[in-house]
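Features reported for this protein in TrEMBL:
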DOMAIN    A:66-178  domain '3-dehydroquinate synthase N-terminal'
BINDING   A:70-75, A:104-108, A:128-129, A:LYS141, A:LYS150, A:168-171  NAD(+) binding site
DOMAIN    A:180-324  domain '3-dehydroquinate synthase C-terminal'
BINDING   A:GLU183, A:HIS246, A:HIS263  Zn(2+) binding site
There are 2 protein chains.
Amino acid sequence: MLCVNVELKERRYPIHIGANLLKDTTVYPLKKGDKVMIVSNPTVAEYYLPELTETLQAIGCQISKVLLPDGEKYKTLDSLNLIFTALLEENHGRDTTIIALGGGVIGDVAGYAAASYQRGIPFIQIPTTLLAQVDSSVGGKTAVNHALGKNMIGAFYQPVAVIIDSMTLNTLPKREINAGLAEVIKYGAIADADFFQWLEQHIDELVALNQSTLQTCISRCCQIKAEVVARDEKEKGERAHLNLGHTFGHAIETHLGYGNWLHGEAVAVGMMMAAVLSEKLGKLSKQEAARLEKLLARANLPTLSPDSMQAQDYLPHMLRDKKVLGGKLRLVLLETLGRAYVASDIDNQAVLEAIRTCSQPDQ
Amino acid sequence: MLCVNVELKERRYPIHIGANLLKDTTVYPLKKGDKVMIVSNPTVAEYYLPELTETLQAIGCQISKVLLPDGEKYKTLDSLNLIFTALLEENHGRDTTIIALGGGVIGDVAGYAAASYQRGIPFIQIPTTLLAQVDSSVGGKTAVNHALGKNMIGAFYQPVAVIIDSMTLNTLPKREINAGLAEVIKYGAIADADFFQWLEQHIDELVALNQSTLQTCISRCCQIKAEVVARDEKEKGERAHLNLGHTFGHAIETHLGYGNWLHGEAVAVGMMMAAVLSEKLGKLSKQEAARLEKLLARANLPTLSPDSMQAQDYLPHMLRDKKVLGGKLRLVLLETLGRAYVASDIDNQAVLEAIRTCSQPDQ
Ligand SMILES: NC(=O)c1ccc[n+]([C@@H]2O[C@H](COP(=O)([O-])OP(=O)(O)OC[C@H]3O[C@@H](n4cnc5c(N)ncnc54)[C@H](O)[C@@H]3O)[C@@H](O)[C@H]2O)c1
Ligand SMILES: NC(=O)c1ccc[n+]([C@@H]2O[C@H](COP(=O)([O-])OP(=O)(O)OC[C@H]3O[C@@H](n4cnc5c(N)ncnc54)[C@H](O)[C@@H]3O)[C@@H](O)[C@H]2O)c1
Ligand SMILES: [Zn+2]
Ligand SMILES: [Zn+2]
């Protein structure tokens with residue numbers, strides 16, 4: 001079992017990573033008599049709720065649960081309210097711990113519920129998708145969507161512990177695994193050249209779900225994200241680097257309608273666009289951009305813009321992104337493989353060219 | 001004009017108190033070009049929105065506004081969502097400031113919206129009821145209600161400034177003024193014997209809305225609350241003293257149905273019950289309890305339990321209060337006029353007797 005500590009100004013908390021942690025009573029910061037509310041969805045609950053329940057019973061917890069409908073479109077204030085209703089119907093007070101069992105959607109909604117219920121109750125994350133394990137469960141961002149915008153309502157709120165059971169990935173659809181690998185590759189690209197190289201050596205094992213390789217990988221990603229977050233908890237500076245490829249990616253997701261491409265797939269293409277733009281600006285070398293492309297392809301990720309999207313479709317979306325300050329496009333680009341920087345004052349024409357370079361040849 | 005500074009670990013912010021501050025451009029922490037979203041209700045907007053709008057225009061702000069329906073029953077997630085919709089429809093980003101113009105309901109909802117929109121945007125309080133000026137606008141508690149419980153969903157979130165225009169009290173119904181005075185008297189009773197005595201000398205001027213007496217009074221209350229909050233931001237200890245009379249009061253509010261008695265009226269009776277219980281426990285003297293009763297009466301506040309409520313109606317509500325930990329009744333009582341303490345292990349029989357002492361004679 002691996003353990004990464006997240007160090008924040010007010011508090012530190014552990015991220016445990018290992019096989020079969022769902023069954024391991026020792027990693028839960030809970031004791032006999034503690035009350036918990038498990039938040040999950042029917043898909044994940046069917047696989048893992050019995051196991052988790054058994055473990056919590058062994059600890060001696062009083063267990064309540066609430067299942068939200070599965071899917072990004074249920075990441076709403078209404079789902080949030082289902083959690084509050086369940087908490088109040090069963091008389092839960094400020095000493096109840098919310099446990100999120102699921103992917104990023106469950107983690108984000110349950111985390112925001114924990115931040116808000118009676119102005120804040122303890123919260124444990126048990127992320128069950130690769131994306132949630134390497135990204136959404138670390139860093140304390142919680143949110144729900146509004147009809148007019150994604151993740152528009154939320155809080156910064158840290159869990160008391162994150163418990164990552166890598167065995168849960170065995171039931172995750174392959175396409176979701178690959179989407180998670182896009183974020184994994186992102187960490188190497190923005191912050192850690194050695195890790196990028198390690199990924200080039202181990203990507204096939206990750207795709208094949210080799211447990212020990214997965215654990216090493218997840219732990220390194222959590223560490224990188226935890227370090228960035230510890231240095232910049234409220235997202236004022238360096239944390240922006242985590243958005244490599246995301247401004248392009250969001251344009252793809254919005255244009256195609258959320259859910260047609262997975263987030264990680266859109267980010268993969270977005271990272272290639274950022275890499276090509278970095279190359280055009282004289283930062284990244286041609287070889288480095290090619291290495292990124294190859295690694296993404298080996299993770300079965302797309303590296304070209306969707307067929308149905310033209311280069312000029314991108315900019316309007318990108319200029320509406322919430323990272324835009326005062327109408328000016330700011331993009332995370334690569335200095336080199338392993339080091340990101342934030343560029344403002346970028347010529348829109350150069351952006352368009354980078355998008356074209358990453359488009360299907362016949363456009 | 002008076003000014004109280006609230007000193008918190010992370011930040012300090014000012015509370016400005018004076019006549020006609022709605023018109024005073026110098027007290028707003030805003031500059032030309034800043035975007036604001038005013039949150040109010042039709043009642044308050046009719047009186048004060050034109051004045052505030054003019055001042056913000058003079059500063060050069062870009063002004064949006066949203067009106068929520070008036071009343072505690074609209075202190076809900078739905079009203080919250082009206083604010084988010086208004087913010088998103090007009091493309092507001094993280095640099096917009098929310099301004100709450102109204103009583104405690106508007107302050108609580110608007111504050112929670114500010115805490116949550118894009119995980120937190122700046123927030124200015126302009127409280128227009130006496131209760132909001134001396135209590136709800138200070139301390140950073142924000143919340144909405146759930147069908148199953150009051151103030152169950154919220155955040156601790158501090159404003160960048162509180163602007164108290166004491167002239168707004170001229171349009172406030174007298175009954176609301178008196179209800180606010182209950183909280184004023186509470187501050188004297190729990191924390192400041194001199195202030196209690198000052199109130200005995202000036203209560204008639206306060207009831208008559210003498211502006212300079214009101215300002216002195218509001219400023220002293222804000223100071224007391226700010227000091228308590230600064231020492232105990234997240235409500236772990238001393239902040240509990242602010243709940244003097246509230247556990248009894250909540251029982252009255254719940255039993256009668258919210259809105260039949262005003263909160264301050266229920267708290268007035270609750271404070272008398274706490275005083276009588278303190279006396280029975282050998283803390284407060286008979287004379288002190290009588291002084292409290294007289295001061296409340298001079299502020300036109302009730303000091304006896306409602307006709308329709310029996311002594312035994314109280315305990316079930318009181319034991320369900322969220323301040324109860326592990327089924328044990330904890331009550332804020334008075335050591336003396338000017339000093340409160342938290343009592344646990346109180347005999348339920350003594351509580352019942354105190355309630356009976358404060359009930360109509362024929363019960
Ligand atoms: N808070 C953050 O910092 C942050 C960062 C990145 C993404 N996010 C959010 O995360 C969300 C996406 O998360 P996601 O990709 O995990 O999507 P998801 O939560 O929707 O999970 C994807 C699908 O996999 C299913 N699933 C989950 N675990 C499974 C398992 N072990 N076996 C089988 N099926 C399983 C889910 O039920 C769902 O159908 C988005 O809402 C995004 O905004 C948040
Ligand atoms: N956040 C906190 O720390 C805290 C503390 C105490 C109370 N509260 C909350 O405050 C709320 C009660 O606040 P309230 O007593 O101000 O009630 P309120 O906001 O409902 O105002 C009372 C009535 O007066 C009207 N009004 C407001 N200002 C006016 C003015 N200047 N002239 C004429 N009419 C005016 C309002 O429209 C309303 O109809 C409750 O929801 C309570 O939970 C919060
Ligand atoms: Zn992402
Ligand atoms: Zn009160």
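Here the Cβ of each residue, glycine as well, is placed from N, Cα and C on the backbone.
Positions of TrEMBL features highlighted on the structure.
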residue  : record              : CB count, 10 Å
A:ASP70  : NAD(+) binding site : 17
A:LYS73  : NAD(+) binding site : 12
A:GLY104 : NAD(+) binding site : 21
A:GLY107 : NAD(+) binding site : 29
A:THR129 : NAD(+) binding site : 26
A:THR168 : NAD(+) binding site : 26
A:THR171 : NAD(+) binding site : 12
A:GLU183 : Zn(2+) binding site : 26
A:HIS246 : Zn(2+) binding site : 23
A:HIS263 : Zn(2+) binding site : 23
Determine, from DSSP, whether A:ASP70 (NAD(+) binding site) sits in helix, strand or coil.
-> coil
Could you give me the DSSP helix, strand and coil counts for the domain '3-dehydroquinate synthase C-terminal' (A:180-324)?
-> 106 helix, 0 strand, 39 coil
Here the mean pLDDT of the domain '3-dehydroquinate synthase N-terminal' (A:66-178) is 97
Not counting A:GLU183, A:HIS246, A:HIS263, residues with a CB within 8 A of the CB centroid of the Zn(2+) site are A:LEU131, A:ASP135, A:ALA182, A:LYS186, A:GLY245, A:GLY249, A:GLY264, A:ALA266, A:VAL267, A:GLY270
Taking the Cα atoms as reference points, how far is A:GLY104 (NAD(+) binding site) from A:HIS246 (Zn(2+) binding site) in Å?
-> 16
Closest to A:LYS73 (NAD(+) binding site): which of the binding-site residues A:GLU183, A:HIS246, A:HIS263, going by Cα position?
-> A:HIS263
A:THR129 (NAD(+) binding site): secondary structure state under DSSP, collapsed to three categories | coil
Cα-to-Cα gap, A:ASP70 (NAD(+) binding site) vs A:HIS246 (Zn(2+) binding site), nearest whole Å | 24
Consider the binding-site residues A:GLY107, A:THR129, A:THR168, A:THR171 and say which one has the Cα lying nearest the Cα of A:HIS263 (Zn(2+) binding site).
-> A:THR129
Where A:HIS246 (Zn(2+) binding site) and A:THR129 (NAD(+) binding site) are concerned, what is their Cα separation in Å, rounded?
-> 19
Fill in the CA-CA distance, A:THR171 (NAD(+) binding site) to A:GLU183 (Zn(2+) binding site), as an integer in Å.
-> 19
Candidate nearest A:GLU183 (Zn(2+) binding site) in space, where candidates are the binding-site residues A:GLY107, A:THR129, A:THR168 and distance is Cα-Cα | A:THR129
Enumerate in sequence order the binding-site residues A:ASP70, A:LYS73, A:THR168, A:GLU183, A:HIS246 whose Cβ-atom distance to ligand 1 is under 6 angstroms.
-> A:ASP70, A:THR168
